[in-house]
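What Swiss-Prot lists as compositional bias 'Low complexity' is 281-290, 505-527. The feature compositional bias 'Basic and acidic residues' is assigned by Swiss-Prot to 528-540. Under the heading SUMO2 cross-link, Swiss-Prot lists K436, K539. Among the features that Swiss-Prot reports, domain 'BTB' is placed at 34-101, with the record citing sequence analysis. Sequence annotations record features per position, and here Swiss-Prot assigns region 'Disordered' to 220-313, 486-584. Positions annotated as region 'Mediates interaction with KHDRBS1' by Swiss-Prot: 277-584. According to Swiss-Prot, the feature region 'Mediates interaction with RELA' maps to 349-584, an assignment based on similarity to another entry. Residues annotated as region 'Mediates interaction with SMAD4' in Swiss-Prot, with experimental evidence given as evidence: 377-584. Marked as zinc finger by Swiss-Prot on the basis of sequence analysis: 382-404, 410-432, 438-460, 466-490.
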Amino acid sequence: MAGGVDGPIGIPFPDHSSDILSGLNEQRTQGLLCDVVILVEGREFPTHRSVLAACSQYFKKLFTSGAVVDQQNVYEIDFVSAEALTALMDFAYTATLTVSTANVGDILSAARLLEIPAVSHVCADLLDRQILAADAGADAGQLDLVDQIDQRNLLRAKEYLEFFQSNPMNSLPPAAAAAAASFPWSAFGASDDDLDATKEAVAAAVAAVAAGDCNGLDFYGPGPPAERPPTGDGDEGDSNPGLWPERDEDAPTGGLFPPPVAPPAATQNGHYGRGGEEEAASLSEAAPEPGDSPGFLSGAAEGEDGDGPDVDGLAASTLLQQMMSSVGRAGAAAGDSDEESRADDKGVMDYYLKYFSGAHDGDVYPAWSQKVEKKIRAKAFQKCPICEKVIQGAGKLPRHIRTHTGEKPYECNICKVRFTRQDKLKVHMRKHTGEKPYLCQQCGAAFAHNYDLKNHMRVHTGLRPYQCDSCCKTFVRSDHLHRHLKKDGCNGVPSRRGRKPRVRGGAPDPSPGATATPGAPAQPSSPDARRNGQEKHFKDEDEDEDVASPDGLGRLNVAGAGGGGDSGGGPGAATDGNFTAGLA
């Protein structure tokens, strides 16, 4: 081959994924680079968030919920057993599930609670088929107790997840935070009275937030000024100007968490992106315009013009806090007839929706959420601006437009023939390289195109899928049927005897209707019969057959040899030409 094909080449490594998983499992067993600890029944399970989130939908929602999910490093759960969690951890890191009759029930329950469908389906199948049978001696009372435990564990799992999804303690005033802190979720297995007290504390915290007692800036503790993230004015050390709000010295203090040290690539929602000045510039451009922002709480900072607050520099947690306050005011004033106030609240909600669904998507949402968007894009419909034809599939519209413009961007390096599609060029290159990748498994014949192999296989199978609706004649290939209908013409009379092999160099077989007189010259054929015979002479062997005359008393036989003139009569004079059998 004279030259290589332009463009990137994808080289797969089949063992890469298993090697990566093996390396992660080695890190887990040695306690290296683990960023979260799961505490169950007093046992600690150091692990990686990303691995658990990739296997379990429950852990994915747990690790991505709340404003400070990155600061939560220990999760204590009591709705699964330590033995079941050990088996699920091994499955996540080794792609192998180890079950026994003793623990298959616990593993099934844990897999359902943690939303691991692959494991739950396998365990359920093992129990249904009695491959791993449960305890057959269990009575009805024990089964009811197991069901009650499962229902209780399901309720606890939901409440545990809802707590971190709402995460009210992260934005409480100091008094409410102190009250709620006395009921940590680390004591999740406490009595029902403790759980009720925790719910009351959470409800009081939400009520305080809705009443506007929290301005959203208490999320960060006071801390020394040196520990605060720089709010710089464009200095070199300020890698993210405008991302952190300037703290008012008179603002309330005593937040739950110490002020985080600003990372080089911290984004407005607390996650980490590319970092640097380019990231800050992109975030500043993507944020909504200050003029579009509505009025906020009295605790918000005023803008430069004094007409409205400047919220573009606030963190996402602060904006979310203010949105919750606006929702609380909207609920309190539901019976108010002042349309102007309701319009202001609607403007607040519109602004927040615009902010959180803005151009931050590429940095906020992880790759797993973009897969769904990619699938939707692949099924999208696009209309051609030239012929208005609807094209299904993303990326196919430019290829269709080339049929209008005549553009052929793909050129053969050898013969300089150009093509509109790259796959057509790839097939064309087989003419130069002699490559025939399609091999017949029965006779070993090789072909350059898959459709040639498909047609060849019908020689072995005897399949003739294309049939004429008028004469019921069948064909191996569709182009043969089209030629039969267009070029040859179909008389609509079905054949009585079916197919007949081509006669090569000999006299045609005598038919019952033939009345040629021995020794007499053959009657010259009519022009129509001569033309029909010449066309049939060049037809493929599998397409030749006798065509009955309309009255069924005579037949037209076509002999081989290429002569076009008439020959002498007699029994042995049928070596050249076309002969017409006489009609009785």
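For all residues, glycine too, the Cβ spot is worked out from N, Cα and C.
Mean pLDDT for the zinc finger (438-460) in the predicted structure: 87. Residue counts for the zinc finger (466-490) by DSSP state, with H, G and I taken as helix and E and B as strand, are 11 helix, 4 strand, 10 coil. Sequence-distant contacts (6 or more apart, same chain, Cβ under 8 Å) of K436 (SUMO2 cross-link) comprise R430, A446, F447, A448.
Each residue of the zinc finger (382-404) gets a DSSP state, and the totals for helix, strand and coil are 9 helix, 5 strand, 9 coil. The DSSP breakdown of the domain 'BTB' (34-101), given as helix, strand and coil counts, is 30 helix, 13 strand, 25 coil.
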